[in-house]
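Annotated features, as they stand in Swiss-Prot:
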| type | residues | note |
| --- | --- | --- |
| TOPO_DOM | 1-38 | topological domain 'Extracellular' |
| TRANSMEM | 39-63 | transmembrane segment |
| TOPO_DOM | 64-74 | topological domain 'Cytoplasmic' |
| TRANSMEM | 75-97 | transmembrane segment |
| TOPO_DOM | 98-113 | topological domain 'Extracellular' |
| TRANSMEM | 114-135 | transmembrane segment |
| TOPO_DOM | 136-154 | topological domain 'Cytoplasmic' |
| TRANSMEM | 155-175 | transmembrane segment |
| TOPO_DOM | 176-202 | topological domain 'Extracellular' |
| TRANSMEM | 203-225 | transmembrane segment |
| TOPO_DOM | 226-274 | topological domain 'Cytoplasmic' |
| TRANSMEM | 275-293 | transmembrane segment |
| TOPO_DOM | 294-308 | topological domain 'Extracellular' |
| TRANSMEM | 309-331 | transmembrane segment |
| TOPO_DOM | 332-388 | topological domain 'Cytoplasmic' |
| REGION | 354-388 | region 'Disordered' |
| COMPBIAS | 365-388 | compositional bias 'Low complexity' |
Amino acid sequence: MEGTPAANWSIELDLGSGVPPGAEGNLTAGPPRRNEALARVEVAVLCLILFLALSGNACVLLALRTTRHKHSRLFFFMKHLSIADLVVAVFQVLPQLLWDITFRFYGPDLLCRLVKYLQVVGMFASTYLLLLMSLDRCLAICQPLRSLRRRTDRLAVLATWLGCLVASVPQVHIFSLREVADGVFDCWAVFIQPWGPKAYVTWITLAVYIVPVIVLAACYGLISFKIWQNLRLKTAAAAAAAEGSDAAGGAGRAALARVSSVKLISKAKIRTVKMTFIIVLAFIVCWTPFFFVQMWSVWDVNAPKEASAFIIAMLLASLNSCCNPWIYMLFTGHLFHELVQRFLCCSARYLKGSRPGETSISKKSNSSTFVLSRRSSSQRSCSQPSSA
């Protein structure tokens with residue numbers, strides 16, 4: 001049974017406007033025409049986003065592999081979030097770029113369904129791995145002993161990936177290679193019922209954006225309260241320890257030292273919380289316009305159909321995949337410092353090993369110079385008595 005055609009949008013949810021990015025027209029009148037100037041700008045921006053996403057996340061994975069603290073829980077979540085961002089770059093940004101260049105999907109039906117499926121897998125994975133990282137930081141602040149005792153991070157990450165793979169299955173049934181005009185085929189979304197686009201876009205918006213943002217807001221609200229409560233208690237404890245040091249001497253100084261050490265540990269945790277909070281903030285800023293435009297386009301029949309608004313929202317959403325590496329660099333700069341040091345060390349070792357002839361010649365020249373200097377000094381020492 002043929003359903004209602006929606007649209008062949010370049011990324012996973014672009015079902016509502018009726019036109020692909022950079023195109024104008026409607027579905028019933030045949031294939032749309034493209035705004036070439038707008039498409040060229042989009043291709044240039046997507047090339048930059050793809051390069052930054054691939055290079056940035058690859059550097060993060062390489063830095064995490066070479067660091068001495070690779071078994072840290074935070075680094076474990078960072079690794080999988082970088083993998084999810086790479087999935088977004090390869091299976092969302094890259095197909096979008098190719099689709100903008102060719103304007104049509106040139107490939108078999110299986111490839112069409114696979115690409116659309118992996119697009120949503122990356123989006124689900126990046127969202128829920130970020131949510132998992134935030135929950136881990138919440139446990140580390142609110143219940144530190146429990147978070148150390150129950151090391152279920154690997155199981156949680158595995159369950160998250162499996163859940164994302166399952167939740168993305170509808171894409172395989174919605175998208176297929178369809179004839180959109182006489183002799184013109186494209187990777188197209190088809191719904192059995194007219195209300196299908198509304199239901200599907202609303203479900204994706206709830207699952208990927210609204211529900212995670214609510215949970216993230218609750219997590220960081222609780223984290224903020226616990227940090228404020230902790231700092232308040234430490235301020236009171238520090239004041240009491242300072243008074244005790246005046247009265248009890250050494251015992252008071254020991255108590256003050258204990259308070260100072262606890263404050264250092266708390267600052268380390270707060271720093272990781274700040275990092276995850278900035279990542280969450282970047283996620284909200286990048287994805288809010290996209291989901292707003294999507295919901296507006298499917299629920300309001302009078303919504304504007306211009307492609308420029310959808311392209312800006314899509315580009316901003318794609319930008320999220322290359323933001324996270326810079327945030328990691330800002331808060332964990334030692335990772336990249338170690339990576340640069342290892343790179344320079346390996347480069348110097350390679351250059352030193354690739355020029356053995358120059359090395360041996362320099363060694364010989366140094367040794368001959370040393371012998372000549374020894375001989376000249378001995379000659380001077382032997383000639384001194386005779387001159388005297």
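Backbone N, Cα and C define each Cβ position, glycine as well.
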Worksheet item: Which residue counts does DSSP yield for the topological domain 'Extracellular' (98-113) in the helix, strand and coil classes, in that order?
Response: 10 helix, 0 strand, 6 coil
Practice prompt. Please give the sequence-distant neighbours of the transmembrane segment (275-293): residues at least 6 beyond its ends with Cβ less than 8 Å from one of its Cβ atoms.
Written response: 13, 81, 126-127, 130, 133-134, 137, 205, 208-210, 213, 216, 220, 309-310, 312-314, 316-317, 319-320, 323-324, 327-328, 330-332
Discussion item. Out of 39-63, 155-175, 309-331, what stretch is closest in contact terms to the transmembrane segment (114-135), meaning most Cβ pairs under 8 angstroms?
Written reply: 155-175
Discussion item. Given a Cβ distance threshold of under 8 angstroms, which distant residues of the chain, six or more beyond its ends, lie next to the transmembrane segment (309-331)?
Written reply: 9-11, 14, 17, 21-22, 38, 42, 45-46, 49, 52-53, 56-57, 59-60, 78, 81-82, 85, 88-89, 92-93, 96, 126, 271-272, 274-275, 278-279, 282-283, 285-287, 289-290, 292-294, 297
